[in-house]
Amino acid sequence: MSKITAAITAVGAYVPEDILTNKMLEEMVDTNDEWITTRTGIKERHILKDPNKGTSYLAIQAAKDILRKTNLDPKEIDLVIMATATPDMPVASTGVHVATQIGATNAFSYDLQAACSSFLYGMSTAAAYIEAGRYKKVLLIGADKMSSIIDYTDRTTCIIFGDGAGAVLMEPNTEGLGLQDEILKSDSIGRESLKIEAGGSLMPPTEETVARKLHFVQQDGKTVFKFAVSNMAGVSEQIMKRNDLSNEDVNWLVAHQANKRIIDATANRMGLNDEDKVLMNIQRYGNTTSATLPLLLSDYEKNFKKGDNLIFASFGGGFTWGAAYLKWAYNS
Ligand code: UT7
């Protein structure tokens, strides 16, 4: 019997309609389009303005996009993994609500939180279940309503993040396609550099935590940048070496969209001279945390050919980071 690998067999996405441009941010904080563009590569981001809608809304739309494209009966889905750093509520699980709302009534579901690496870690989890023969149809969704945890008076963070969702269906493959290898890492050296300090068990909410804005993202950008460049580029290079992949062999780099300069540094370290291989949509969405990787897959799906070699790379709060090598499984 041939070995079972876990392949991505469909992709879906959703971003909310409202757009927040660099020009609009100029009216809100002391910043300018030129600074944001040259330092980050971001021009605009999408924002879910409706205060009555949370991350589940974004995730449901992305999941429905897959159901529409594939005509899949949601009752066939075995498991829904909800990768997110901004669940609707701390308890109950957002994924459970998403699964029920899309009609995946035979599936079980849970949330997976690893900041900006949530989707990459989720891919590993989904693949492990499939490779073990335990489940056959796993829906992995990466979604974040980052605007719900951003202080729009803090110019060091509010220019970076946006809202969005992407989803992939993962299924068994016997042609050797799908996930080939991964290197996943974490280190709490980054615990203080990128965090939401209050609202958890260590510092439950009080009037004071609200007044001190401790429920918003705080980031020491310079430190995170330094670790992101060395660690994300490091594992990307390592996974190529370990799999005897030259820069010619790599068809696409699917890297977390946090800063164009970090993505460029990673591509350089991998020796990817052809910039067409480096997927980039940060200019339109900003950093959507758990959604960046599936949003790239959705935007570039038509360019991928069966058998193409994709390298995924991510870096996020925690710190959490990693790289994965995946062979694309279909022509669209
Ligand atoms: O996805 C999770 C992982 N996150 C990341 O990977 C983010 C990593 N970090 C970054 O992308 C970058 O560090 C930032 C985009 C956050 C900041 O860029 P930077 O080049 O590291 O800027 P900086 O923090 O060193 O600040 C340079 C200057 C400072 O002014 P002085 O001290 O030189 O006078 C800042 O106060 O730019 C100033 N500054 C701004 N100016 C205009 C900071 N934010 C802004 C702003 N507009 N929005």
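Each Cβ is built from the backbone N, Cα and C atoms, and glycine gets one as well.
As annotated in TrEMBL, region 'ACP-binding' covers the listed stretch 257-261 rather than the other ranges in 152-156, 257-261, 302-306. DSSP assignment over the region 'ACP-binding' (257-261) gives 2 helix, 0 strand, 3 coil.
DSSP assigns H256 (active site) to coil, not to a helix or a strand. Across the range of the domain 'Beta-ketoacyl-[acyl-carrier-protein] synthase III C-terminal' (241-328), the DSSP-based residue counts are 34 helix, 22 strand, 32 coil. The Cβ of H256 (active site) lies under 8 Å from the Cβ of C116, S117, L120, M232, I262, I263, N287, T292, L293, A313, S314, F315, G316, each of these being in the same chain and 6 or more residues away along the sequence. Summed and averaged per residue, pLDDT over the domain 'Beta-ketoacyl-[acyl-carrier-protein] synthase III N-terminal' (110-187) gives 98.
Residue counts for the domain 'Beta-ketoacyl-[acyl-carrier-protein] synthase III N-terminal' (110-187) under DSSP, split into helix (H, G, I), strand (E, B) and coil, are 22 helix, 34 strand, 22 coil.
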